[in-house]
Every structure is written in structure tokens, then in C-alpha cells.
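Sequence annotations record features per position, and here Swiss-Prot assigns domain 'tr-type G' to 8-282. Taken from Swiss-Prot, the feature GTP binding site applies to 17-24, 81-85, 135-138.
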Amino acid sequence: MAREFSLENTRNIGIMAHIDAGKTTATERILYYTGRIHKIGETHEGASQMDWMEQEQERGITITSAATTAQWKGHRVNIIDTPGHVDFTVEVERSLRVLDGAVAVLDAQSGVEPQTETVWRQATTYGVPRIVFVNKMDKIGADFLYSVGTIHDRLQANAHPIQLPIGAEDEFNGIIDLVEECAYMYGNDLGTDIQRVEIPEEHKELAEEYRGKLIEAVAELDEEMMMKYLEGEEITVEELKAGIRKATTSVEFFPVICGSAFKNKGVQILLDAVIDYLPSPLDVPAIKGIVPDTDEEVERKSSDEEPFAALAFKIMTDPYVGKLTFFRVYSGVLNSGSYVKNSTKGKRERVGRILQMHANSREEISTVYAGDIAAAVGLKDTTTGDTLCDEKSLVILESMEFPEPVISVAIEPKSKADQDKMGTALSKLSEEDPTFRAHTDQETGQTIIAGMGELHLDIIVDRMRREFKVEANVGAPQVAYRETFRAAAKVEGKFARQSGGRGQFGHVWIEFEPNEEGKGFEFENKIVGGVVPREYIPAVGAGLEDALKNGVLAGYPVVDIKAALVDGSYHDVDSSEMAFKIAASMALKAAVSKCNPVILEPMMKVEVVIPEEYMGDIMGDVTSRRGRVEGMEARGNAQVVRAMVPLSEMFGYATSLRSNTQGRGTFSMVFDHYEEVPKSVSEEIIKKNKGE
């Protein structure tokens, strides 16, 4: 089957936003207008096409990024709908990694919200060009220019409107196109009756002002246009479009458009903007990778002629076909039934069938080309982040890094029958989601599951019940504390056991010192003159790593320290790897008294939105939870409190906020960093963990 759409007519985009900004509704409408859906599904009725897991339909939030293909004006648009809830940021990271562009959806009443900031940061990390769609222009309190202001203030982004709304709230009935200098008025509710008209007289002045600002902003990034602009020459529509496209694809400029997906306004114009301004696979830099054996850096260009290379970015268990592996093809062509190499794991895989996904219906295809996104059936060993490539031309594409879980709970099956199924369910779920971990606690024998937040773990337990028919009891949430050293010291670890027969002997001197935050554990060998033989040095590093996992104060993993092996001694007969491992762990224990160990706790960035009259109660509540208020602002007729609060104090906050504000307050939180625990709290944690 020949290629249906050329590479330059392909767009791989993600739709990203804060929870409730209307992202899924926007995707729905795109599918409706591109002819993929015959009846529109409303998210708040639980009928949306993209939210296809049962819980998503119940909770009205998107959990897994569904990938779907649509067509618009001779272009193929592959869309990934990403979740906006903070507990699912890993889904967003995964999809951004394989996209070429994104649409950031904002709520016209709130503008940029905390999760928008997180997602925006992630998109910046991956260098993803973005268009901003200010949605919900029909909502009470909608304010387009306020929303644009929040993009400047909170994201420090060079964003400029390329459209202006005509009216707002109930009066929102049209859009001014600043590029083409015209307006679009809507004649019916389905948004299919659009009249292109001249800009209404009463809006002309504002439109001219903002068109001038737009041209100036684009000209600043384009020398030729700048010259024309300074010389007072007219800049044509084509030149302006080309300038916006160039600046957007190089991630220097972000066009802002507006609409109301729910009221079917502005969606076709959003699709036009995706095609006009977001990059095709040819416009983004070639992906880099390394050759497995030589570590030589190579690049794969977006072309069908290059050897096949793709990245698996999502695993899903489908009730009908089993395991689905979603992948993005960067170069080359893949036919169903062929063999590929999983170069990350060094395994050969057979691609049984290739499916093109549409939310949760699917179409079988025989071939995928460079730039496509599809799902494969039949891959046994491939997990998220693995590279699939041509067996004759191996490459490992840069993989994805996932954050460590911050919260854990103990979980136990309700019956013996559930016990066996639970193991299978947990391993399948952790295969699908790299930020979800399950392990058995060595000391208590309990099964512990860990993830990115309470909602994340609720949904995992829910999925176990629905998809795997496993009933389980869940314990109280536990915070993922960490430990670290605040002072440097040189300590000795000596393990000598000579009691007849072959003894054990290992002796080390290790210098411990604090490392930079986020750098983890670093081990360095500074032995001179062979006082500790070369073959035992890895054992010292391994001994330390093992001992660090169980902490020095309260049994939490020790992070961000440096250890240098500086001296020691050995015995010709009695020394062994085991003895040096034990000596290293003894040195770590000895460091407790000298290195000033402290406990660290995860701090959450919290944003609470409340009616003004509850301000005092909420501020008091935040302070009582050891929170620091970092800022306040009025948003419409509500107050927004931004604070940094320890995760351990946020359990059950949703219930407390509801009762404090008669259900009128909302909050969102996202993990920010680790911070030292106050002494009184630290003592309590140590006592609790030692069972006192």
C-alpha cells in the first residue's frame, strides 16, 4: 500500500492542558469536524470518544493518552489526547516525547493553571512547538486578554494572539482573524454554518492594534521581515503566515487562538492553525541515537528511504487483542508480519499486526511509514521507551526518563483466589505505566504499590477490580521520604572474622560528602598503590548501594551523597568480595554519627481556588499543615492561594477543603522538590519506624 499522505502533509500533535480546561471536548470536536465521529459525545455525560476506559467515563477525566488519526484539508493529523490531572504527568511526558507539535488548551476564565505550568515545562524540555487555544470563551467570567496575560506572567512565553474573540460569555459569537484581516461569525449551534465577513466596525480599532503587535513580534524574529517593517513596507498575509510558522516551529513564538469547543466555535480554525503553523516531521530536527556496540552517535532523518527506527511510547492491554504497543516511526517503513530488533533489550521481535487507532476502535493496516503513529500487536519484550529498529542497521534512540513515585500504600488481596490474580494484574499495570511500581516489603511481607498521587493509586486499584477482577484492601498512604547527609566525614569500616578455617577480612576508609540535589549517589575510587585490590573495588560500591537503600536514620533510601574510597587494607587469603561489601555497609553505619544525616520529604506545589470569604480559614489551614503561602491573586470573583506544602500533610485535603468551603473550593497539586523535615517531625518519623 503506497503512502496516503506525504510527510509534509502529516502532523503529529498532542493536546495538553490543566484538568477541566476542556481538552477532551476539543479533541472530540476535531474528530467530529474531520469526519471521524458521526455524533458528538459530551464529556460531562460520560460519552466522550477519546475517554474510553470505564473509569475515565465515570470520573470525566482522561487517564491514558488515546492516539487517534484524523484528516483535514488533505493532511493527516495524528492526535494524542493527554491527561491533565497532575497524577498522570508521565502520560504527558511520554506523548510529548513522540510528538512534533502541541495544542495547549487554556480555560478562558482561569488562564494558566498549575498543571498547565508543569506540562508547559515538559514541552519546553522536549522542544515541542505549541499553539495556545483559549477555550470556554462562552463561560461566565471568560476573558481572552486576561488569559493571554497569564501566559506572559506565569510561563514567561513569547505568546501573541493571532485571533480575537467577538463578544464573550453568552455573547461569544465570532472570531476575528488578525492574519487574514477578516472575521468569522457563527450561524448555528453545530458550528458548521460559518460566515466569513469583514471585521465589524466596533472591533476594527482593537484588531488593528493587535495586528500591529503581532507583526512587530514576528518581525523581531525574522530579519527580512524586520527590514520591511522598519521601512514601512506592507507585509503580505503569506509573509506573515510564513513568519509565524517559522517562529513557531523553532519554539520562539506561540500563536494564541480562541474558541469554545463545547459550543462548536473555533475548532475548524484551530485545525487550520495546526496545519498552518505546527511542524511536519520534516520540519523538526532529525532524531539522534547511538549504535549499540560502538556508542557512536548517529541520526535518523524523517524519510521512508532511511533504515526503520521507531520508539515505543505506550503499552496498553486491550480486552480483544491483548498487548498493544504504541510506537512512533521516525524513519523507514515497517510491514506487518516482519521482524524487527528491540535494540534497547537486544531482542528480536515479530510485528504480528499493525493497527491504526481511533480512540477505541481500530483499523488494521499493512504498512506504516516514517512520521506515522500506530500500534503493534505481538511484541513480547518491548516496554515503554524501547527502540525498535531494522535488524541490519541497529540504533538506540534517546529514551525517556520517568520520575520516581512519591506515595505508596500497602495492598492485600481479599481472598486466596485474588492473591494469584493480583500478581499478574500488578505486573501488567506496571508494564503499562513506568511511574507505577509494585514490590514486596522484605520485612513485613506486604505488597506495596507506589505512584504519583492518591488519584493515581485509586485508579490502579479500580482497574485491578474492573479489568482483572481482583478485589483488594488498601492501607493508609505512606510518603516516600528520603535521607541524605548534610556534613562530610571520613569513616572506617572493618569486617574481620577469623575463627578457625578460612576467615573473612575487608577494611575500608571512605570519605562521605553531600552531593547536589537530584544528582543521586556517586561513588569514586581514589585508591593509590593497590591497598585495596582492583577486583574488590566494585564490591565496595555495590555494598554501599545496597546499604543506602535501607537508610541510616529511619530506613528510607539515602540520596544525593558522594562516597570516595580513599584507603583500606586486605588479607591475601581471607579477603573476599562479600567481606568488602560488609565493610562498606559498616562504614555507612559509622557515618551516621559524623555526617549529620537528615530526613527529606516531598513538597507539593499547591494551588487552592476559593471564594473570597473563605480566605482566612484556608490560609490558617495551609499554615497548620506546615505549608508556606507563596502568593495570592484575585481571579475573577475568586481568590487563588499558591503554597508549598509537605505531601504528608495533604492526605485527605480534598475532604477538608470541601467542608471548609461548603464544596465551593478546588485545589490542584503537583510534586515540586524534596526538602529537609523539621527536627520534631523527623523524631516522630524515626520513632514510628523503629516501632517505639
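Heads up, residue numbers simply count up from 1 along the chain you see.
Positions of Cβ are set from backbone N, Cα and C atoms, glycine also.
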Where M137 (GTP binding site) sits in the secondary structure, as DSSP reduces it to three classes: coil
Other CB atoms, at most 10 A from the CB of M137 (GTP binding site): 29
Confidence summary for the domain 'tr-type G' (8-282), mean pLDDT rounded: 80
